[in-house]
Ligand code: TRP
């Protein structure tokens, strides 16, 4: 669907291809690895509600804005913004917004690849039977020993980054498209199976209550910010990834429908992951707030205990790696598209340079789990700092300006024409959301975090 010639600057072969790619970008480690662990760290229910509100009121309108701007701008985010600003008679410096996106993509990819490396290693561990019959203590030991070894983490991080670079260099070929076509539904089915397993544990209700019973006294400014950041992160918003994908979208496709579809699928996967994981957490006396290790310390227990667990374990981690791959390619794509379209270098070289830089930076995250684990900047390890900086700050700030651009800078007549909504009133709702609600919410959350509100 996205072969390399078409990319300079082409179109998706169909709206289905776009939906697959954009859903592939959205559904990834953010849903299965990150959502459960940050929900766990931030007290569950109330956090989940704020997250859902952010997806609906900020995420979906901004996703529509990004797709719309990409399709109208028809270039990498930097040049698309330049063109759109020109069309609207606005200042050209809007293209810096595209730049912050390219940088945010890099930074995220650097640690995303490290965690995707963990998932790859776990596919192999599942395959060689490391989980069978293992209890929570053994599973924890397995994980602790694994992340204590920089060499192993570097190995898997390198492998994952190479795979990302290779796919982006070749274009998402037939093979990748076909693979995703059954791997994504497969991942979904295994999640349902895990939920079924979670139901058999004695702590199913406790897990559900944790995830869905709101206790608003547990909400701090920072957890609201984290929930909002997660809405951006999980939907791949705020840095131009969806904008770049939108730029390859044919003009007859309904932007609103696709945005709802993508956000809906993404949310369902995240919630299923939470429902599968928390009962296992409580049934084994684990801590919901165990951080990034959460899925790696819980799901293997389920695979080790359930019948057919060997097969499901292997399939689960393999599918997780593919879900991560279809996300990582969208993290690097804005940078690659910019390099190809501006520096006149080949797609292959662009992938090598962009990938190499993110790969090197990834070492900092790797070491922050072992040799540099004591090194804290602003009270956070490098991995946590990168995650906070990108997901909680850069993406919402990027999203804020994207909403402002779509709502206030672009001519109404242009955005209305490009969105081409079937029901006329929905345009007014969308305009209201991107002009006031989305930027206003981001602004208020920031004020709250710095203590002004
Ligand atoms: N959404 C992906 C996930 O949930 C991660 C991701 C891919 C992303 N592309 C992005 C996050 C762009 C922010 C911006 O795993």
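Even glycines carry a Cβ here, placed using N, Cα and C.
Predicted automatically and left uncurated, TrEMBL annotations should be read as such.
Looking at 74-94, 389-409, the stretch flagged in TrEMBL as transmembrane segment turns out to be 389-409.
When the stretches 12-33, 153-170, 182-204, 224-246, 258-281 are ranked by Cβ pairs under 8 Å to the transmembrane segment (45-65), first place goes to 224-246. Below 8 A, the CB atoms of the transmembrane segment (389-409) and the transmembrane segment (224-246) form 3+ pairs separated by six or more positions in the chain. By the Cβ criterion (under 8 Å, sequence separation of 6 or more), the transmembrane segment (258-281) is in contact with the transmembrane segment (12-33), since 3+ such pairs are found. For the transmembrane segment (96-119), the most Cβ-contacting stretch among 12-33, 182-204, 301-329 is 301-329 (pairs under 8 Å).
Contact between the transmembrane segment (350-369) and the transmembrane segment (153-170) is supported by 3 or more Cβ pairs under 8 Å, counting only residues 6 or more apart in sequence. At the 8 Å Cβ cutoff, the transmembrane segment (224-246) and the transmembrane segment (153-170) share fewer than 3 close pairs (sequence separation 6 or more) and do not count as touching. Using a cut-off of 8 Å between Cβ atoms, the transmembrane segment (12-33) and the transmembrane segment (182-204) share at least three residue pairs, counting only pairs 6 or more apart in sequence. By number of Cβ pairs under 8 Å, the transmembrane segment (153-170) is matched best by 301-329 from the list 182-204, 301-329, 429-450.
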